[in-house]
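Annotated features in TrEMBL:
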type: REPEAT; residues: 183-222; note: repeat 'HEAT'
type: REPEAT; residues: 223-261; note: repeat 'HEAT'
type: REGION; residues: 311-331; note: region 'Disordered'
type: DOMAIN; residues: 412-443; note: domain 'Putative WW-binding'
type: COMPBIAS; residues: 505-514; note: compositional bias 'Basic and acidic residues'
type: REGION; residues: 505-542; note: region 'Disordered'
type: COMPBIAS; residues: 522-534; note: compositional bias 'Polar residues'
type: REGION; residues: 554-577; note: region 'Disordered'
type: REPEAT; residues: 832-855; note: repeat 'HEAT'
Amino acid sequence: MRITAFLDIPGQDNLAPLARLEKYAFSDNIFNRQIIARGLLDVFRDFSHNEEDYLTVMAIVARLSEDTEPTVRTELMEQIPPIAIFLQESRPNFPMAFSEYLMPIVVKYLTDPNNQVRKASQDSLLILLEQGIVAQHDVENKVCPILLDLSAPDSDDEYKVEAVNIICKMSSIVNKSIVERLLLPRFCELCSDGKLFQVRKVCAANFGDICSAVGQEATEKNLIPKFFELCSDSVWGMRKACAECFMAVSYTISPEVRRNKLSPLFISLISDPCRWVRQAAFQSLGPFISTFANPSSAGLYIREDGTLSIRPSSPCPAGKNASNVPSSLEEPMENKLEIFTEKSSVNCTPRSETSSSGAHEESSAIHVNFGVDQTILNQSYHARPFVTKDIKDCEINSYQEMNSGVQSADDVFNTFLYWRPPLPDISQDLELLQCKTDIREESCSVSDVLCNNCVASSEIKKVLQSLQEHIDDPDVQAQVQVLSAALRAAHLDSVSDYDVKQNEEVNDDHKEDVPILDPDPSTVNESNLSSLPSQEEVINPPTPSIIKSVELEEQQNGTNKDLGADESEPPLEEDKSKLQDIIPQPLLDQYLSMTDPARAQTVDTEIAKHCAYSLPGVALTLGRQNWHCLKDTYETLASDVQWKVRRTLAFSIHELAVILGDQLTAADLVPIFNGFLKDLDEVRIGILKHLYDFLKLLHADKRREYLYQLQEFVVTDNSRNWRFRYELAEQLILVLELYNPNDVYDYLRHIALTLCSDKVSEVRWISFRLVVAILQKFYVNNANSLGLNFINELIVRFRHCSKWVGRQAFAFICQAVVEEECMPVDHFVEHLLPSLLSLASDPVPNVRVLLAKALRQTLLEKAYFRSVGNPHLEAVEETVLVLQTDRDQDVSFFATIKPKCNNVQITLLEKQN
């Protein structure tokens, strides 16, 4: 019934409907005015056909908007969006009328003194903008001016908070040029509002939406400085809001700004004195790391439907950037000797991958890093090394020699490729003597360029400096320990035995060059190991001695902390295994520390769950070539005492398998997968839901090992958890294609028959589909003997079952077999049809009902049974006639009714004609 139906009652007051509408719209009774405002949509539906009546109703609405009662104004504003949507579809000249009558009401109510009216107006404005009803000139000339007035510095605090909230929400709806010209300057001013922290908090919470609306250029020019101010705000709620939107901001900016500016800023949030800020930062750490992902280096990309897909690799010609993952990354990581270098904005660092045994070496890769740009090149065995010419801001003459590729890797002794010096060789000593003079001259120019390679270390020192005043806080001490360990590891990696001996014998005033014959013929001078600060000095410094000692050491050395560029022993294995060059190393170190039990006490009790949730994204960012950085963390999470953490990993293990590839999956994920198989049902359901997705990634021999273990899914901790068994049946339907018919018959057949006897009907019905899929598997692969044996077993188990549920299941299976056409018709009529027709004399009506459906709606609709002269058609029709005269009403009904599909097809044909 219409709300304003009383307007249609004749003989009330001898007034026309429009006059009666105007009478009640301006009645002294508030209830009458509320009813009119609430029923305006019905009024427009009745009077929108006549132009004069339509304009009259519009005028009444405009007058009604002046009502003094807030409830009437609220009712009116709530009706404007549906009225606008209706009139936009029904009237061609509606935009003009909307701009003249309705839009002024919406704008006026934004400044209404009643809070409820303003709230309704704000919601209506956003709906109208989303529907595209408000014209661009109205947005510029009516909406934006009122929002700018409400958000002015001298405006009321409550109005200002509401205005900035609308500005943030509408920025993603309106035109980009309007946001940049009109709203962005005011938003930047509001981010620095020192009077009201609620305004800054709204800006911080919606900062990512504004960045997405204005694009990269405006973000880096105008918004990033304001973001830095908000991240250092004195109110912890501001910093927490910034940490929560960090990923959205990172997606908008360039890789250089992301690495050089946002990464140190995020490290400061992770080390924030406030626990709630650190908690939000750690929750956003994984998503922030994922913004560093590069499909060309990861070898994977995300499709539009959200699934991961492997990017096919192609050989890269010499001198060109490789856009795909090298083929060498497909090899097992444990068979390679990898020396990773820490990436910096000016550093040029070669990276090679060689086999521990030269006879089994197949390929290698060289990574040349300049800032964020990365080049991945393939070279086969005995091939000359080459690098690309994409070098920016790096004027090092010594690298021209490596670019030319005139020296073979086997002709010159290279300390970069060996863990220890080889046996002495006279020819190599002669080469050392000949090259020493040239290298000494080149080292001077190289050392000046390489001295700027401590970007990450300098940022860690800045954070340590800022934490000195909070050193008494146990939480801050935990942060200092992590940061100081990362700083100390960076120094330890750069110390060589040769430099220790030299510093023991030579005073500080005398320095000697260390020759290194390498594709990078540069000379690197490192400091003495004794000059490094101790752990006690790092954790509890009396003064900022950490920073001073490191700066003094860098000034004395004038060099770059380049891994693998000296002749000393390599860094410790546990330190080397965590190094990579995709993301800033401090970010990865902080992410790996999320599994530390101390984090659960000082940051968040569920920090391990957040780490597990974002681990696939981090693994995708690093790529399978850097899986060694996450392997220990993944194993730690897989053995976490909290089942929620293990459950999170179980739900994502199939995605991680796609990222890592079959070899790493078999080596590192399969043991964890096996452990999850024996875990709690809450964990097992995670691997069960994606069982097919995981098994299809394994090799056939490894996949076959799980045939017997699949039976363990039938047993659950709680027998009432029937959805677990339902999911098992659904997955087995997919898993059938992964095994041959013999394995299906020996293993999966027993599971299917067990599920067919389940106590829950939903499990039984999906299991019947599984039985049909198994039968189809046999006949598609020409395993007719297995199919015949399975049919005989079905007849014995279901057709001659003492319970009527089993006999009903047999009728359903036969119907599904015919529908899916999973076996030849002659086999069906020979082995299954006689047993099916014998159910016509079953004493239970439910069995005969399903038999009637199978015969009338399925069998008789197949061309084979409708053909004239079919010897089996007569038997089927006789059975249908018997069922039509059945004493049970339902049986006779389903035996007589025609199939719905035919009715639908006839209807469609009639419509087409």
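The backbone N, Cα and C atoms fix where each Cβ goes, glycine too.
For the repeat 'HEAT' (832-855), same-chain residues at least 6 beyond its ends with a Cβ under 8 Å from one of its own Cβ atoms are 791, 795, 799, 804, 807-808, 810-812, 814-815, 817-818, 872, 875-876, 879-880, 882-883, 886, 888, 890-891, 894-895. In the predicted structure, the domain 'Putative WW-binding' (412-443) carries a mean pLDDT of 49. Secondary structure of the repeat 'HEAT' (223-261), assigned with DSSP and counted as helix (H, G, I), strand (E, B) and coil, comes to 32 helix, 0 strand, 7 coil. Taking DSSP states H, G and I as helix and E and B as strand, the repeat 'HEAT' (183-222) has 33 helix, 0 strand, 7 coil.
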